[in-house]
Structures are given as structure tokens and as C-alpha cells.
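I have placed the structure first, in the form of C-alpha cells, so that the comments after it can refer back to it.
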Amino acid sequence: MSSFLNIYSSKMTQIYSCSKRPLSAEEISQAVGASLDGTQRLLAACSGLQLLNTHQDDGRVLYSNTEQASIYLTRSSPVSLYQSIQYSSRTIYLCWHHLTDAVREGRNQYEKAFGVNSKDLFQALYRSDEEMVKFMQLMNSIWNICGKDAVTAFDLSPFKVICDLGGCSGALAKQCTSAYPECTVTIFDLPKVVRTSREHFFSEGDQRIGFNEGDFFKDPLPQADLYILARILHDWTDERCVELLSRVYKACKPGSAVLLVEALLFEDGSGPLTVQLYSLNMLVQTEGRERTAAQYAALLAAAGFSDIQHHPLKTA
Ligand code: SAM
């Protein structure tokens, strides 16, 4: 249901942004070709959700976006969550339909949701080029909102050569080169992701961002002062995380570092609610889970890393 509200409200925001004035339920239902009764009920629910403001006009109710809806739900906003909402409604929720089975079996639900084998997790996620691009757009959207905070929580200026492992669309790499004018960043990802990133997410060549196609579990990792793993470890089991971190540790020179960017559970697991829900999402969708800072520290230590610090993000 919430996906429907989100999609529908984004359509309304387009209408509103064309008209630049609050609209009545009649005008909106005509513009989108929907029933008046259905539109009225939806608009009432959206105003209850504080996505729409209501205005009285000669006994008529008019609707306009709240500030939050304009910022996060309009397609043209630079921090739009439109792609993320689309991916949730068309892909993620289909896995959530099988939550009961996921809990019983303790594993993701690609086979039931999409009829694809999930032995190779990212082959299942990227079951078509179209799905891959949608996933990349999903990954991209969050860093437009909190990417700057993610790369400035620690002072990364001493690290001139950075490798973003599983760097996907390059959104975090762009945040790094913008925050640290002296650094270069290599985006390391699976071959077809790297090719798509180049084609779809970089309009013109950024001299300070390079690309490296490979499998981070198998292929040599590029030399770097800093390795970033953003939302990577939460996809994998503890064993796979230690395997990957051990490969990163071996690639490190003295003075090199690794930066993990992940949503953290409280140490006793009692929250935050969003991260508890993300962890369930990792169950229905991946092989991984969300973890506490101590659990990540244990994975890092098992791979050989010392001097482990963590820092919350302002926008988290
Ligand atoms: N770091 C990005 C971010 O935070 O937006 C993307 C995170 S996404 C959850 C995981 C990324 O890891 C994807 O871009 C995926 O293609 C990449 N990946 C998965 N398995 C990989 C492998 N074996 N080798 C290299 N990259 C891999």
C-alpha cells in the first residue's frame, strides 16, 4: 500500500509543479485519469501522512505538497527518493511477500519472488540489465542526501589514493573527490556494473575517478591508501566478510586504512527500528545482516586490522 501512495503522490507532485498552485481532488483525478472517489480517499491519507497540505477555498479543499514531499518525492529534486521508492515497490516488497518463509528458512527469497536461483547473490540481483540499472539508481540516491557526511565523518585527507570496493554507480566516489581535492578514487566493481556506471552515471570523464572491473573475492585489489566498503559487508555472512576483509588487509601497506560505511544496530540490538528493519530486509534479499559496531570491530580484528574507531553520521 505504501508503495502505491508513494508512486501516486509523486505523480501528483508533478502536476502540482506544473500548475504551481494547490489543486482540488477533481483537478487531480482528471489530470491522472483516476476515479474521483479513489483520489479523494488517497489525498486524505496523504495529508494524514503529512505528504500534502490542505487549503480551504470557498468550501473546496485544495492540496499542495508539504516541504518534505517536495524535497524527497518530486522526481526533479536533486535529493529525490523516487528511484528508491520505485525499487522498493517493484523489487524489495516482492521479497517481503515471502517474509514468513525467509524467517523459517533463514535465507533470501529470490527464487519465490522472481524465479531465479540466488546461489550467486548478485547474479540474482542483476537478473537483467534493467534490474541492475534500477539497483544502481537505488544505491545512488542515498549518497545525494548523506554522502558528504559519510566521507567527512573521519578526516580522510591523508589518504590520496582511494579505492571504493563495490563502488557501484560512483556516487560516493564523487563525494570523495568533491570533499578531498587531492585524492583520486578507483571504483572497483563487477565488470557489467563498472561498464554501466561509466555509461549511465558519468556524463563526462572525471579525471580523478578511475574504474577497475573485477571480483573482490577473487581478483587482485588495486593498490590504495584507503579502501572504502560502503554497504558491502551487510550483504554477506560473517565468514564471507572476514574473507573479504582479509583480502583487503593483505592489499594494505603500512599506514593504509579501511573505511566501512554501514547502518549500525545499538549494542544490545534494541534499535534503531530502521536498522532492525534493514536487517530483516537483508534476510529477505541478501546473505547478510545489519550489525553492531562491536560486531564490525570483531570482523575487522579477525582480518588483522587494529586501531578501530567508529563515528555516527549526522544525517543517519
Ligand atoms: N558501495 C555502494 C553504495 O554504498 O552505494 C554499493 C553497495 S551495493 C549494496 C553492493 C555493491 O557490491 C554493488 O555495487 C555490487 O555490484 C558490488 N559487488 C557485489 N559482489 C561483488 C564482487 N564479488 N566483486 C566486486 N563487487 C561486488
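The first residue you see is number 1, and the count goes up from there.
Positions of Cβ are set from backbone N, Cα and C atoms, glycine also.
According to TrEMBL, the protein carries these features:
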type	residues	note
ACT_SITE	HIS234	active site, proton acceptor
DOMAIN	19-74	domain 'O-methyltransferase dimerisation'
DOMAIN	96-306	domain 'O-methyltransferase C-terminal'
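Here the domain 'O-methyltransferase dimerisation' (19-74) has, by DSSP, the following mix of helix, strand and coil residues: 29 helix, 14 strand, 13 coil. For HIS234 (active site, proton acceptor), the Cβ neighbour count at a 10 Å cut-off comes to 24, with all displayed protein chains included.
Mean pLDDT for the domain 'O-methyltransferase dimerisation' (19-74) in this predicted model: 95.
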